[in-house]
Structure formats: structure tokens, C-alpha cells
């Protein structure tokens with residue numbers, strides 16, 4: 001291989017590559033006249049130069065004129081030049097551009113233009129006539145450009161005055177692509193397209209402001225068969241005039257409009273039917289949308305709360321006077337362990353989740369001095385990631401944190417695992433189970449690591465069995481070491497709740513399994529000589545439907561069970577049922593692990609489970625950590641007077657008081673400080689920014705009012721009254737408490753009232769009211785509505801029985817009718833998806849993979865032809881909505897069908913019915929079994945059972961969080977999505 005020692009050793013091909021990136025001026029200044037080789041390379045006849053002579057200083061122009069152009073003028077293919085200082089005139093006196101293909105001219109003059117066009121075979125031409133105000137000269141330029149003898153195929157014009165394109169008929173031009181960046185009149189435009197017979201693409205601006213139409217276009221109303229693509233910016237043009245232009249373009253298939261013309265919806269839909277691609281962008285509407293979005297950003301900024309994160313760590317050493325209590329600490333996290341799942345229940349009521357952990361009850365009775373059961377209250381949102389964050393950092397979550405539940409993000413704040421690593425005792429850490437821990441702590445070096453994917457809620461056993469396969473080996477392996485900490489996160493109970501609900505027999509099996517785990521660990525403790533501690537906690541609870549995420553009592557109420565092999569460790573414990581905050585686990589667990597409390601923790605020691613002789617030091621250590629944090633956070637967050645008072649009292653006590661004689665008083669004051677501290681910060685981080693919310697609402701209201709003022713001319717007098725009445729009624733009832741709690745029923749009553757006062761026939765009124773009444777069957781209750789609202793068992797149950805086959809059969813018929821009415825038989829993919837989903841409903845194996853393949857194929861078809869987008873949504877809706885709510889989808893479609901048939905011959909009511917249909921879409925959010933609370937989100941839409949070998953190849957796509965998120969969004973807002981699709985389809989049929 002040849003060694004390169006200097007620039008001249010480089011190959012010619014490499015220099016040609018370099019030359020392509022250089023401007024002509026830079027190229028000559030850098031390489032020309034270096035030696036003969038470079039001179040030949042620079043002016044090689046195979047080169048094609050691009051000369052940019054716009055905004056040249058006089059000395060640079062001299063270099064071009066005297067030094068560069070004489071050598072390469074015949075090789076220049078692309079030229080950009082401004083004639084503002086007569087540069088072009090000077091150059092043309094001595095130089096000829098014989099091979100020029102493309103030119104951009106600024107401030108051009110007529111004489112120089114004629115010379116260029118006569119001597120060059122141009123293909124592309126751009127002209128800017130900033131200094132030509134004489135319309136005769138402009139028309140003369142167009143006569144030249146439109147000459148048939150020219151080989152021009154692309155032309156772009158930018159003029160600084162309104163054009164009279166043609167006053168006499170020119171010869172036909174061969175132009176195929178024209179871009180006109182100046183305003184022209186519709187009459188001139190009509191003449192233009194009639195004369196450019198080979199035109200394929202046209203981009204122009206039409207403005208008929210302050211000018212009457214010329215009669216000259218009457219003689220040119222002939223169609224243009226060559227034009228295929230049209231982009232127009234339109235201002236001040238009558239709709240009939242625009243439609244006339246469209247009628248002359250026979251083969252146009254792509255139209256892109258923008259401007260301020262006010263289209264009637266029927267004209268827009270008519271144009272959509274006539275053209276393969278039709279887009280219309282109204283600038284007034286866009287500006288109002290922009291104002292609305294700004295208001296929405298202000299509103300969300302004030303409503304979606306965030307918490308300031310302090311990236312500092314607790315530093316120092318653990319008190320040397322406190323010995324290490326436990327060599328081995330095992331933390332068992334049972335996901336969604338509700339308090340009543342583990343609490344002994346003496347009532348005669350029996351079901352599949354009460355008293356299903358008998359060994360725990362046995363330990364609490366027989367070894368009451370070695371075991372304890374506490375009720376834990378978790379802070380909403382009750383999603384796993386937020387709870388794990390609270391269990392390791394001791395911080396309080398905010399509402400905005402829920403968005404991270406599915407993407408997982410590394411915890412930067414100080415936490416228990418971080419303190420374990422930094423501790424001088426070097427306690428090793430092992431992790432088994434839910435892989436969410438690994439997403440939160442990717443940099444922790446675990447001695448043993450066995451984690452499994454956590455989001456397949458249909459899988460009850462893979463994670464739990466994986467833990468049990470390795471847990472006993474890990475316990476035995478770490479028992480012989482000096483210090484160890486084992487985390488095992490079981491998911492079976494949570495997944496059972498999501499899939500079946502707590503009443504199913506599978507819940508009994510999973511709770512019995514967890515009871516056996518606790519039994520085996522406690523037995524292994526009893527055989528061990530080293531002191532060990534078992535902590536069993538739930539991260540959150542679950543509703544009676546098996547879901548979680550909100551703030552219902554069943555969702556936030558979980559449990560903590562503790563067992564140790566040290567006799568009489570909980571000797572001083574009050575055996576009455578005790579309730580503590582979940583974040584109090586953090587300082588308590590830190591004490592047992594012999595590490596410092598994380599810096600930002602707001603948890604306070606659960607003093608009752610700490611030995612009496614250690615409580616004073618434990619409270620003092622906890623208060624010192626809180627004191628450091630409060631000094632930092634108080635710089636940006638105000639503290640209440642009561643909190644400051646309690647803080648000062650405790651500060652004085654821990655400096656001067658006799659701890660033994662006043663321990664009870666200190667504990668009471670400590671617990672009072674704990675309550676005030678956590679209450680204060682919960683209030684601070686749940687208080688909305690009212691000013692931003694008001695600003696956002698005002699901006700959104702202004703945009704809506706301006707919209708009404710601008711487009712008021714579209715409404716007749718009766719429609720104005722009807723729309724304003726509907727809007728005011730909807731606006732007023734939204735301020736009532738009943739509307740907030742019972743929004744579904746308020747909307748139902750509102751819609752029934754509108755139907756009653758409408759001008760429909762009696763029979764149609766009755767039919768609509770009856771169909772709307774049937775949708776009430778599918779309404780799901782929320783916690784605030786109980787006990788006055790009771791859910792139908794068949795609607796909320798998550799497990800199958802005989803009645804489900806009847807529901808599946810009915811859903812099969814319903815969706816077949818919808819597909820027949822909406823999808824053409826020639827496009828079979830939605831029917832294939834339909835057959836696959838129906839097979840899935842009837843438990844046919846290996847069928848769901850075919851469904852996913854059909855969805856992927858349909859996505860490809862949508863990319864090629866966006867008109868198939870509706871069919872893709874139908875295919876996904878069939879799957880995500882499920883058979884229980886398919887019937888309400890059919891009712892929604894049937895209601896819309898009746899409304900549109902009634903309104904078929906009454907275009908004056910279009911806007912009124914648009915408002916009515918938007919309210920109807922809001923109602924069908926509830927009618928499809930949803931509520932605006934996190935616990936009512938049906939996560940199972942994103943995690944179906946997929947028992948096919950083809951899953952290996954599809955898993956990369958199907959298991960992506962984006963796909964799952966899309967499925968959940970489509971299922972949650974299926975009512976609104978179907979509203980848009982059905983309205984568009986029914987309008988088109990009209």
C-alpha cells in the first residue's frame with residue numbers, strides 16, 4: 001500500500017470529491033496555479049461547476065471576471081447571479097456560457113435576459129424582478145419565457161408586482177414545472193394553464209383583491225390534460241371561481257390548498273372524492289389552533305404538577321454505638337398485595353382472596369414477638385414504577401410522574417441502593433423478579449441478578465417461577481457471607497388482578513403460592529444461626545376489578561409483614577392495628593440495613609418496630625436527615641408556621657433533653673412532626689398553579705370566540721341560536737358537582753333533551769332515545785358514585801364463562817355488519833383481521849399472530865395510500881375494544897346513521913349537528929366503559945395472550961412501548977375515534 005506523505009500523493013478521484021464541496025471562488029483560490037497537475041484538475045472538462053455570484057463584493061467580482069470565468073465559463077452548468085450592479089451585463093460582453101443548464105437571476109434586466117436565453121439551452125430558470133416595475137417589460141419577459149422554441153422545463157418566478165400574465169396569446173411552451181411566487185389574478189391563471197399544454201406541476205398564488213375579473217379568460221376555458229399536481233395559495237377568490245379552475249384541470253390528482261377561503265364541508269368532501277390527494281389548509285383556522293395550543297400548554301403547565309429534584313446524597317457515618325442487627329435482610333415485594341389479601345379475617349365471608357395466606361396468620365398468632373403486620377397507605381398514582389421510586393427514595397410523587405411508568409427512567413436521587421454501595425459495611429445486593437428495578441437502577445452491581453419482563457399481564461407465572469427457581473440458591477449463597485440484602489419482586493398477584501380480577505380462583509392459587517414462599521423463607525431463617533429479617537410489602541393495592549393507578553382506598557391500601565428469627569425483637573410493640581405511610585419504610589429499612597437515610601426522603605421512622613433502647617438515636621438520626629433536607633428545600637418552597645414550630649422544638653430536644661426520662665413525650669412530638677411534614681409537602685406538591693390555569697383557559701376561550709366571529713357567516717340565524725344554546729348549556733353544567741361526579745349521566749340527559757326538542761320525526765326521536773337508553777347498560781361506575789351505582793357483573797368480570805361465548809357470538813355479528821357497511825369487499829385485509837380476532841375470542845390457538853401480520857401489512861398499505869387509514873383503525877378497534885363493548889360500538893354507528901339520514905337534505909343544520917355530535921362523542925367515551933380516572937384504563941388491550949411460534953419474529957414490534965401505547969390510546973378513546981371516522985364516512989355517502 002502506497003504511503004501518503006504529502007497532499008500531492010492523494011488520488012485525482014479524491015480531489016474531485018473535495019472539489020464538489022467547494023464554491024468556485026474558494027476552489028480557484030485554494031488550488032489553481034499551485035502546479036500544472038492542479039490546474040488540469042480544476043479545469044478538467046468533465047467537471048460541472050456551480051457558480052454563486054450573488055452579493056459579491058467588487059474585488060471578488062473582479063476575480064471572477066478576470067481570473068475564473070475565462071477558464072471555466074464553458075464548464076459552468078449552474079449559475080446564480082444578481083444584476084443589481086450590472087455584473088451580468090459586464091460579463092456577457094466578453095464571456096459566453098455555452099453549456100449553462102440552470103440559472104437564477106436576481107434584479108434582471110430585459111436585454112441581458114434575451115442574451116442568456118438566445119445563447120444557452122436552459123432547463124431550469126429562476127427569475128426575481130425586484131427592480132422591474134414596468135408591467136409591459138414583465139409581460140415581455142413572459143412572452144420570451146413561454147416561447148415554444150425554448151427548451152425550458154422548469155421555471156420559478158418571483159415578481160414584485162401583480163401580474164397581467166398575458167394580453168395576447170403566446171406560442172405554446174414546453175414548460176413542465178412552474179413555480180410563481182407572486183400574486184396573480186384568477187383570470188391570468190386560467191389563461192396560463194390553458195397555454196402550457198405540457199405542464200405537469202404548478203405552484204402559484206391567486207389573489208383577486210380589488211380587481212374585477214378580466215374577460216380575456218373566456219376564450220381560454222379549455223382543459224389542461226397534462227397537469228397532475230397543483231399547489232395553490234388562495235386569497236380573496238370566490239368559491240365558484242376556484243371550482244371553475246378545478247374543472248379545467250382534467251387529470252389533476254394531487255391538490256394542496258392553503259389560504260383563507262371559507263369552504264363548505266360538502267365542497268371539501270366533494271373535492272376529496274374527486275382527487276387522489278386533496279389537502280386544504282386555512283391560515284385563519286391554523287392561527288386560532290396555534291393560540292388554542294398555547295393556552296393548552298399554559299393550562300397543562302399549571303395543572304400537571306412536577307417536583308423539584310435535588311441531586312445530593314446523604315453523607316456521614318452510621319452511629320457506631322448501634323450494632324448491626326441483621327446479617328441477612330430479604331425484601332419480598334408482592335405486586336398489588338392489597339391489605340385484606342394478607343390480613344386475617346374472622347368473618348364468615350369466604351372468597352378467593354380472603355384468608356388465603358394462613359401461614360402469615362399463624363406466625364402473627366404463635367410468634368407475635370417476632371412478627372408484625374402493618375397497614376401501608378401508598379400515595380397516588382398507584383403505578384408500580386412510582387411506588388418503587390417511593391420505596392427506595394422516600395419521596396412523594398406528582399401526577400406528571402405517571403408518564404414514566406411505561407418508559408422507565410434511571411433514578412438520580414439518593415436512594416437505599418445507592419447508600420448500600422457507599423456504606424463502609426459493603427452489604428452485597430441481589431435482585432430477582434420484575435425488570436423495572438433494572439430500568440431504575442441500571443448502574444447497580446448486583447451479586448445475583450435474575451430479572452424478567454414485567455408488562456405481559458396475561459402471564460401469571462413466568463416471573464414468579466423464575467424467582468422461585470433461583471431464590472433458595474441465592475439465600476443459601478448469601479447466608480454464609482457477612483452482610484446481604486435480597487430483593488425479590490413477585491408479579492403474579494398483580495397480573496392475576498389485571499387478567500381475571502381478585503374474585504377469580506387464580507387469585508387464590510397465587511396468594512397460596514406467596515404464603516408458601518413466606519413459609520419456606522421463615523423456616524430457613526429458623527434453621528440459620530445468623531440473624532435474619534424478612535420484610536414482605538405490597539407496592540399498591542387493586543380495585544375490585546383488578547386495576548390500579550388511581551386513589552381509591554383499595555388501590556392505595558397495601559400491607560407490610562415483618563418476621564425475624566431474633567426472639568422477642570418486637571417485645572415492646574403495641575399489637576393494635578397500625579397504619580403508616582408507605583414512604584416511612586425507607587428510613588426504617590435504612591435503620592435495619594445500617595445505612596444513612598437517603599437525602600430527599602420525607603419518610604419518618606416507624607418507631608414502634610424499633611427496640612426501645614434504640615428509638616432515641618433512630619429518631620435523632622431521622623430528624624437530622626430531615627433537617628438538612630428542609631434547609632435546602634426551604635430556599636424554593638415555603639414551610640408552614642406549625643411545621644417550623646415543631647421543627648424548632650425537636651431541634652432543641654435532640655440537643656439538650658434527657659432522652660430516657662422523656663422518651664414517650666419525644667415519640668409523640670416526633671409523630672406529630674411526621675404528620676405535619678408529610679401533610680405539608682403533599683399539599684405543596686398537589687397545589688395547582690391557578691394563575692397559569694386561568695391564563696390558559698382565557699387564551700383557549702379567546703381562540704374559540706374569535707373562531708365564532710370569523711366563521712359566523714357560515715351559520716344562519718336559527719343555527720346561531722341553537723349552537724349558542726348548546727354551548728352555554730354544556731358550559732354551565734360543567735361547573736356543577738353532579739356533572740363532575742356523574743358526567744356520563746349528565747351527558748345522557750343532555751343528549752336526550754336535545755333529541756326531544758329537535759325537529760325530527762316522532763318515530764326517529766323514539767328510536768334514537770331507545771338506542772341511547774341501551775348504551776346506559778355499558779356505563780362503568782367510579783368510586784365516588786358508589787353505592788348508588790352498581791356495575792353489571794358480566795361487564796366488569798375479566799374471566800370467561802359460558803355467557804362469554806354468547807357475547808362473543810353477538811360481537812362477531814355486530815362487527816361483520818359494521819365492516820360490510822364501511823369496507824369494500826375488494827380490500828380484504830380488515831376482514832382477515834376480523835376473522836383472526838373472532839378466532840381469538842373463541843380461544844383458537846396460534847391465530848393472533850396472523851392478526852398482527854395483517855395489521856403490519858395494512859400499515860404498509862396506509863403508507864402507500866392514506867385512504868386505507870380508516871380500515872386500519874377498524875381492524876385495531878375490533879381487537880382492542882373486545883367483545884363485551886362491541887355492541888355499544890354498533891349502537892354508536894347506528895345512532896349516527898339515523899342522525900345523518902334525518903339531516904340528509906338539510907345542509908343548514910350541518911354546524912348544529914357537528915356540535916351535537918361532538919357532545920355525543922364525549923358521551924360514548926363513557927358508554928364504551930371508561931371513566932376519567934387512571935384505575936379505569938384497560939391495560940389488557942396492550943397485552944394479549946400470544947401463544948404462537950411466530951411471536952419470536954413479531955415480538956420486537958408488538959412488545960415495543962409505542963405499539964402498546966397506541967393500542968391503549970385507541971381503546972380508551974374508541975368512542976371519539978369512531979365518531980371522527982363515521983362522520984367522515986357518512987358525509988361522503990351524502
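Quick reminder: no glycine exception, Cβ is built from N, Cα and C everywhere.
Looking at the stretches 285-305, 306-326, 327-347, 348-368, the one that TrEMBL records under the feature transmembrane segment is 285-305.
Checking the ranges 652-676, 727-751, 752-776, 777-801 against TrEMBL, the transmembrane segment annotation falls on 727-751. Feature annotation (TrEMBL): of 690-715, 950-975, the stretch labelled transmembrane segment is 690-715. Looking at 285-305, 591-610, 876-899, the range that has the most CB pairs within less than 8 A of the transmembrane segment (805-828) turns out to be 876-899. Mean model confidence for the domain 'F-box' (4-52) is a pLDDT of 72.
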